[in-house]
Amino acid sequence: MPLGLFSSGKAQVLCDEKIPGGKKKEPKQLSENKCKGVTLKLDHTRVTIEKQIAEGGFAIVYVASDRKNNKFALKRQFTKDNEKQLEACCREHSFLKQCIGHKNIVEFVDSYTNCLGNGIWECMLLTEYHQKNVLQLMNERISQNQYLTNDEILSIFTDLCEAVSFIHNRPQPIIHRDLKVENVLISSHKPPHYVLCDFGSATTQILSVEKYGVEYVKSEVERNTTMCYRSPEMIDFYSGLEIGLKSDIWALGVLLYRLCFFCVPFEESPLAIQSVNYQFPSVPNIPDEIKVLIYMLLDIDVNRRPSIYQTSVLAFEANHRKPLSEEIQNKKCTDAVPSLKSCIQLMRDGSNPRNKRDSSPRNPEAPPIQSSSKMASLSQQVPSISNISMPSGSGTVETSVAPRLRPKATTVVPNVPSISPVPPVGLPHLRLPSKGSTDETDGSQVRKVPIDFHHRQSFSGEEQLKPAAEADSAGPLSCPLIKPTDLGFTDLDKPALPRDRAQTDGKRRLPHESDIIFQQQHRRNVSDTSQISRSAFKPYSSQQTTSKTSSQVVRSVEDMSQRQNGGSGEWNPFLVAPFSNNSISRKDGQESAFMMDDSHFGMVFDEIRRKEIPAELDSETSSIDSRDPFGAAPFDQLTVSTSSSAQPVSLPPATDEDDERQLLSETDEEEKYEIDEKEEIQTKKDETINEEDSEIDEQRMNDRRRYSYENIDGVGDDASSDSRGKTDRDDSEEEEDDDSRRGGDTSHDEDSQNTVGSEDGEGGSRPLLEDDGLEDDDDHELISSFSSSSTNYPPLFIGTSTPHTQNPITNPFLRDELTPKMIITAPLPTAKNNLDDDWDLGDRWTDRRDTVFERPASEHQNVFAPATLPRQATPLVCRFKPDLPTAAPVSIIPSMSNTSFPEAVRDSDTVPCEPIIGTLISVGAPTDPPPPPLPKKPTEASPTQETTATIPVALGKKEKLLKKEKKKEKKDGKKDKLKLEEYREKGSSEPETDGSEAEIWTNDGATTFSNKKKKKSTFGLRSSHPSIVANDLQFSSPMPPVVKKSSKDKKSSLTGKNASFVNTSFQPEDHDDPTDL
């Protein structure tokens, strides 16, 4: 049973499968798959869509068939509220109806236009169907690595010429505006016909900016044309040219180029289009008969571009057959058709390049648009008719115009355009009066002179374009200059009129009046390389030549007087500038009445010689360098004096003017000395300010430290003794020992400098520890104050009895009676042969501090780390903490410091290594290094027996000491508890700390501590860094091993909640006795 049950007998798709690539362009427009099998009714025909074959910017083309199975091409499109597009559809239908019967234009079959409501219109056009097109043919040849043959190229092009000739010769000419290979179809005849289609962009309207405006013309061009096929007048809307039939001729040239070389000549570049910048590739080998067609069609000049009739004649001549079209045969054309051979010769000679507009008159129907300023410039005229040579024979029109001349009341200078590749032509209707006399120059008196064709119009394998003006070997800018007197400079003392345009001197050729009009148009797109390539660089390329011949030029009155006097000084335009009547120039004691105006200044300024400064210079003649063009410029005297730094040039004998300059230079030198003194004073002030700033920064640093420490229960320098809790060391013997060793207090400033900024070789410039409350940027603030001294370094240890501490102690940390006392130590011995390399802490610290500071030039190694705790002026040695031992300690290892050890330990015979936790040490004042262990007397016992005998003795001593310390700790805990209760009974608001100097903060903001007594550390001072251990603090009795604290005991006694520690890195430290308050 067939599937076509519903309508036309064709297979119906019963599912909504979506084929990739189907697009929905407009409302109610169906996809490719849905449109298949759809039957549409036009005005006279009913067709069924079979498949989609093409899709354009506005419509989709389908293959449709009627009941007799005849194939048609159906162009269908929808528009919504777009009147322009709807009108374009109706025009296309109308144009194709007019072309019915032409073999090279697609045949019209039927059309349909319907309003679907809501502003939606459906437009359908039914034409004959051609299965192939030229683009497919080109793709096939590319796949076969082949090109089109010359016969195929000429056949396609001649058929297109017949089609375009038909539409151009209609009673109302039709402009296709979209000629391209995609719109050329191939019929199925033998031989095939090439058919033109797609008249959707066609129009009968000749666009003109003057008539329709720029915006309308621009929108029409962009909507209906393809970029790479656009003509130059479609690029430059301000050229004043019409966009009409000749735009199709240009598109035919681009189409022919693509047929030959499978590429477009200008790509998508408006610049290349506007400058007609293209070249012929060497492959494939295209004959000159086809190249000359491209050469003639791609002409920038609309009026010189051939018409469709001339193009058809040339094309059929190249194809060696006569035109078959009646329109071409019966065409009554008044234009002369050149022969193909003459065009080929013209192309080879290059005498009439096609990328330069000719002097042919413009279209009278649409004169070019000109701005008022440009039109006004046309009325300007040359100063003298004698300056223009107009030979009646074959000579060229030349003129010489002085640079930057202002038009005077009786002298008018024409606005001659800058030098460009535009061919020089005559001005047949331009009047050039001079001083009351008027002459007319006729076009017959002037012969056009071609210019070098410097663009990329190289015809591969052919003779290059030859310049016709090779005889003029001097160059366009090498003509002799005209003296100012010849130009009528008789009224230079009069106020000059404003000039219209700056001109540069050189050789000028007067172009045709029409070319002047064209060149003066406002080039909005500024994309014409012909206006850029030569005019921008020719003046500079010929500047050297002009300078060489400038010896014959009299540039100013000053120059003339110098030449007459035989002066060898270099002329300076600023010295003759109109600063004042008394300082212009003087000759024979008389003041000249010459007053140079701006135009004269501009002329002579361009002629400044640029030569090397002589080696022999005289500094006594003048402080102004005559070679410097700005040496005498009317600037401030201070600025003028700066030019005296350059070496002066020897000048002629001094005149009155030179005396004035000498006085000026002396005054400038005095002022310069005053300025130098002021600069020195200012430098001193700046240094003072910098010192004050450094003091302010130091004070700010101290304030930050004070603020940071005060927030952790008075650990800062300015913290009062009331803010510190009770310490865990109240031994009376140790208090007396501390009092005996403390001679006085140091001030806050000295203490802060000595504890933080002390410098002793390695130390001094190290910032505070990482967790003492300062940020990284504060550390950098400290650096600037610490690195001030480089030679004298104060001792690292501060003794209270030394001259360094003359003021009473104000540091609360030094006022603590239990704080260890510090004494100045003697310099350590330099011999460190018995030390291990791993314990060379000087190098370790150097590696760390060098990342921030530069090492002083002269310094000595110090084995002590320069870091101190906030309450400690004693240096600490950096060591890594070893892991806790699993067994009881056996012996002690003497460290690198000058620490006194028990005698039993000194007798130890172990190898030096890192101390083990739990080792009993006695930290005290630095003493001499421990002597090497004495050799033991040989005994009868074996080494194994000696070891076993020594270990029990050592273990027994250690156990006894540990027991004593535990008992003492219990007693101390009881005493501390009693003192704490007494302290609270007195009403003191300061709670006791646990020795860690860390403040407990509760949620309610109150600082409280647990009533439980924590175990105290046996070391009085511990570093905040785990690798730092107290080294040189001597206590009265040996200390037991450190007992680690657990943070679980630290809770708020009021709230019972876990407390957060502001600074948990501090280890237990000594606290003041509250009874001292």
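Using N, Cα and C of the backbone, Cβ positions are placed for all residues, glycine too.
The domain 'Protein kinase' annotation in Swiss-Prot covers 47-317.
Marked as ATP binding site by Swiss-Prot: I53, A54, E55, G56, G57, F58, A59, I60, V61, K75. Look at E55 (ATP binding site): DSSP puts it in a strand.
Residues or ranges marked as active site, proton acceptor in Swiss-Prot: D178. Counting every protein chain shown, the number of other Cβ atoms lying within 10 Å of the Cβ of D178 (active site, proton acceptor) is 21.
Sequence annotations record features per position, and here Swiss-Prot assigns region 'Disordered' to 347-444 (among others).
Under the heading compositional bias 'Polar residues', Swiss-Prot lists 369-399 (among others).
What Swiss-Prot lists as region 'Disordered' is 488-554 (among others).
What Swiss-Prot records for 616-813 (among others) is region 'Disordered'.
According to Swiss-Prot, the feature compositional bias 'Polar residues' maps to 638-648 (among others).
Annotation comment: Swiss-Prot describes 655-679 (among others) as compositional bias 'Acidic residues'.
The annotation compositional bias 'Acidic residues' is assigned in Swiss-Prot to 770-780 (among others).
Taken from Swiss-Prot, the feature compositional bias 'Polar residues' covers 799-810 (among others).
Sequence annotations record features per position, and here Swiss-Prot assigns region 'Disordered' to 920-1077 (among others).
The annotation compositional bias 'Pro residues' is assigned in Swiss-Prot to 927-936.
Feature annotation from Swiss-Prot assigns compositional bias 'Polar residues' to 941-950 (among others).
Mapped onto DSSP helix, strand and coil, the compositional bias 'Basic residues' (960-969) counts 10 helix, 0 strand, 0 coil. Feature annotation from Swiss-Prot assigns compositional bias 'Basic residues' to 960-969.
The compositional bias 'Polar residues' annotation in Swiss-Prot covers 1054-1067 (among others).
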Longest CA-CA distance among I53, A54, E55, G56, G57, F58, A59, I60, V61, K75, per record bound to ATP, angstrom: 14
Cα-Cα distance linking I53 (ATP binding site) and D178 (active site, proton acceptor), given in Å to the nearest integer: 19
Close in space, distant in sequence - A59 (ATP binding site), Cβ under 8 Å, 6 or more apart: K75, R76, Q77, C123, G200
Position of peak Cβ density within 10 Å, selected from the binding-site residues I53, V61: V61
Neighbour tally for G57 (ATP binding site), based on other Cβ positions within 10 Å of its Cβ: 10
Other CB atoms within 10 A, centred on E55 (ATP binding site): 14
I53, A54, E55, G56, G57, F58, A59, I60, V61, K75 excluded, remaining Cβ within 8 Å of their centroid (ATP): R76, Q77
